[in-house]
């Protein structure tokens, strides 16, 4: 099962050829997908040979195979992690039952909804990032962007396979719709708000891959715990690919910070206006971008209290992050959890049933993980001997979903008036001027080994190649 | 016993917390569950990691690929690693200390475990170019395969102090492809004093790819019963005693196969130079038997085989009898015995020096070098090879570096 069959039109390790009906259905979907890639995929890159990682099997020695490939020729396929023998449903009311190899009838609608929502985010990020190839700060970065794009495309395939194989006609219709919605489209937008935001520049891209792809890590991990085994195996393989996306974000921001602090030290300057005169991104602007992307991503986890989340958990469809490593009863009926709410004009903690707060549990796990990474960025600033520190804003800041939607909360967690918000928002969220300034720095650098002025080179190349390796060949 | 206690060094696998992005793929991938984390760091358990490398390619950052040589007794603990903001500087291990440790650990030292994570060696990270394609990680700690004991024989003389067993595992109709030089993991049942399940132990396979008995889906292991710990105190090795006591028909949980580099060349003209002690003979037996079967089947095999094999005395040398029966034209054998009454102690490095001319001649050709056995033999063997080469006008440092790059120098010591 681990070997991937590349002789097939749709590479797979799920014995697709044995199910002719499914194979035909997916082969029918494939031209529409390729057309979508043509229309909405990376701009102006059709003829490039890109040093891409392609899986040749799902075992550790085969999943990262490198070579120059033209993106339209990348073999988007269906790869499931190896099956775990005797796997059980590990949580909820069906705990202890054998994991489902088929969709349990009573959970069909909920599972479909989970898969469609996850699937919708994958092509959305490709659409959000489609113009970035034109302003890549180096060949190395351009290659990383394209790697992310093809893998997001493949993740769409992973979800479409599940829809086609397990959800009959409804599934096929949902799979079609995944290609019809488009990020930011007024009439037919993507399902989740963060995936309709623009990713106009590379600072936004790195923030997106740090914060939003990290959301992917938590969502995919929660789905990898699912009692529906095909979904679990699909997500487990997706997670190995997702890691690179998060790496691009974390190391990208680290390199931006490195370059900025190098310039600040070299010229002994701290004033952001002075810093900008040297063509690098001031730390204050980085903080505002961080505030924006953090808060938008925190919204992705959904409402603070959700009966859907409780249903998904109790049914065994979606677990918690690292479900099987936690020491509790994995049923959670008598467990409580503290969430935040607004009461008498201030933000207070309130204890509520944990089952209804599972979105908040996942959000809090995510926030802890995000904060740790910001600490790693701060060490770069600390090492440079500067006093500035980046911070994640309070989780109630700039929220549009859940109990804080419609309220104004400062980054340090104070409920503020509309007037205070309006007078400070320019310090808290990126302004048009910030975005225009960052946009003014964007320009394509394609000479091997060269970097744009606003970013430091990476410490190591991809697959241990040198930094001046020809990661992209422009034909 | 006034001799200083031997110092064992290990090559400890560490994750650089400054570069790691906490993506969790290493922990997810590790076939032996050696990686764990808290909200701060991802860390590697030194006593579980078998350096199989499965975690390396899924890591997007390269932070996973750090190896520090440290005294085994003071390997960085999990608790310590969890507090790190950055990797500690590499310890400057004084060469004389390493040499001292090596000689203390040589044939006199007791083998205290068969985990393969202790290699500090210069060794090829790639297999020979003509090696057959290995299968790895088909079975894991979480999803092992069940094998049946088809035979369990004591190899060493009843009067010998060391109790080495030849154990045959049968896989019936299940898939378990294995190549000479690969190893498998044995999962001892039960739990340790702290209630944790026992760690998996790694054993090199002693039979060739076609099975211990040709045409049967089985393989053999060479297992030494561990009865003393590193300090010479009486203790029973968990896995070795479990295995040595298993009766025919019993079942055992197995993970693997493991190992993608320590493989034999398949092209018939390649020479194989083998240097081993004790149970380090397992992969050598596998390779020799593979060549013997090819020859018996009438295949043209013109590569030379040369073996240096060390033990305390012939009674403690596994496979001594069958080895003696192999004709001189097929394999050039050199035995080194360190405890023969009335004889000076002889180690494999002494035998290498004695056969210096032939060894140097062999190294000039298309030769693949395999070393397996106690960690302590390594320095002495490398020194002897250097001398042998020098005497023949060969530059060992350059030659060994080239052999490492070309997948021709493989070291597995413990």
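Any Cβ shown, glycine's included, is placed from N, Cα and C.
Residues B:204, B:224, B:338, B:339, B:345, B:373, B:374, B:412 are given by TrEMBL as NADP(+) binders; from B:140, B:146, B:148, B:279, that same site also lists B:279. Counted within 10 Å of its Cβ, the other Cβ atoms near residue B:279 (NADP(+) binding site) come to 25, all protein chains included. If you average pLDDT over the domain '4Fe-4S ferredoxin-type' (B:11-40) in this model, you get 89. Under DSSP, residue B:279 (NADP(+) binding site) is assigned to a helix (H, G or I) in the three-state scheme. The binding residues for NADP(+) are recorded as B:204, B:224, B:279, B:338, B:339, B:345, B:373, B:374, B:412; their greatest pairwise CA distance is 27 Å. Among the binding-site residues B:204, B:339, B:373, the residue whose Cβ has the fewest other Cβ atoms within 10 Å is B:339. Residue B:204 (NADP(+) binding site) falls within a strand when secondary structure is assigned with DSSP.
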